[in-house]
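Record features (TrEMBL):
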TRANSMEM  12-35  transmembrane segment
TRANSMEM  41-65  transmembrane segment
TRANSMEM  77-98  transmembrane segment
TRANSMEM  104-124  transmembrane segment
Amino acid sequence: MSKIKPEKKQIFYFSLIIFSILFQAGSGICGKYAAITIKEASPFITIANIYYLLSLVFLVLQAVIWQQALIHYPLSYAYPFISLVNFVILFFSAILFHEQITRYNVLGLIIISLGILILSRSLGEET
């Protein structure tokens, strides 16, 4: 029998979803860095780019952690949280790449948030 309390297990299991989101966002951010640091487009130069390689590492980590999260949560519960990647990407695109955040970006994120909220509440009522 495990010595870990059920509440701590739930926190750990949910953290798998959070880390999956962060690794997926990290992959996208590294992909952007790879794109802006590659001077000449060729398959070898792309594959040898450290940011591209790091992007792949993050994708592998995301896939492994995501599978672990799905052991503990139904896909219909876990998948909507992947939409939070959009928040992380938008935030870091402004901070790291000085990209402009438009009102349409914000409106889109609000719509996504409302969808996640509605879905999570409806799943809570079913159980």
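Cβ coordinates come from backbone N, Cα and C, glycine included.
Each of 41-65, 77-98, 104-124 was scored by its Cβ pairs under 8 Å to the transmembrane segment (12-35), and the highest score goes to 41-65. Residues 17, 20-22, 24-25, 28-29, 32, 36, 66, 69-70, 105, 108-109, 112, 115-116, 119-120, 123 of the same chain lie 6+ residues outside the transmembrane segment (77-98) yet bring a C-beta within less than 8 angstroms of a C-beta in it.
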